[in-house]
């Protein structure tokens, strides 16, 4: 299995769900072993490069934000990262003229469409995988996420919300190639009772029914067209998990189980993995 990048650049415009700012984003091809690199094109006075790595994650409140040593940051990268993972793109340069990745429709599907339009190019370097060698678990109150050694990637994820519109949902997933058809179009969601508070804190400035599922205080789905799936909520949480795990630099080969996961928990798991060199190794496809 070889590494891959895009055949040609592809661009989009959109607003940030939290900043409310309109930005242009371009995904460009990159050389072998580059990984995923973000560049803030609106900043030229200092280092504007940020590697999409777990160790550059600086904030996990409602989304995943990465920063560099110069405190240049880009937020809400997880939906784009999930699309890159789902399309098996190992190397890409992402140029953006603002502080936040556009939310698009609240899912990864628009980014998947962009990548498919650009096309994929195989490269002259072997693809590497992060193989887990021992059990690793992170817990915060009643939320937990753990991974165990396994010969391929499989995920069992459960969410549990007090809202009757969501409730308890479970989903298992084991085929990366089915991400684009079954997970990528699951949208982010939020509660109207929290909107005023979030906006008072400078968050959710760009939120609308065009880019998120809205749930009111009577547990009613407010979007005119309803849900895309009965279990769209857990599908989106799985999407978030894949996007966050891709900040490891590659696909994780492990049996993963999560309960009430979050961006913070996802990132903590990667820190826990990489803090112990005996818990993982990078392998090629022939070594799986």
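Placed from the backbone N, Cα and C atoms, the Cβ positions cover glycine too.
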Candidate from 70, 79, 140 that Swiss-Prot assigns to the same Zn(2+) site as 236, 240: 79
Pairwise Cα distance for residue 263 (active site, proton donor)/residue 79 (Zn(2+) binding site) [Å, integer]: 12
Residue 263 (active site, proton donor) CB neighbourhood, other CB atoms within 10 A: 20
Greatest C-beta neighbour count within 10 angstroms, which of the binding-site residues 79, 236: 79
Same-chain residues at least 6 apart in sequence whose Cβ lies under 8 Å from residue 240 (Zn(2+) binding site): 78, 79, 82, 261, 263, 266
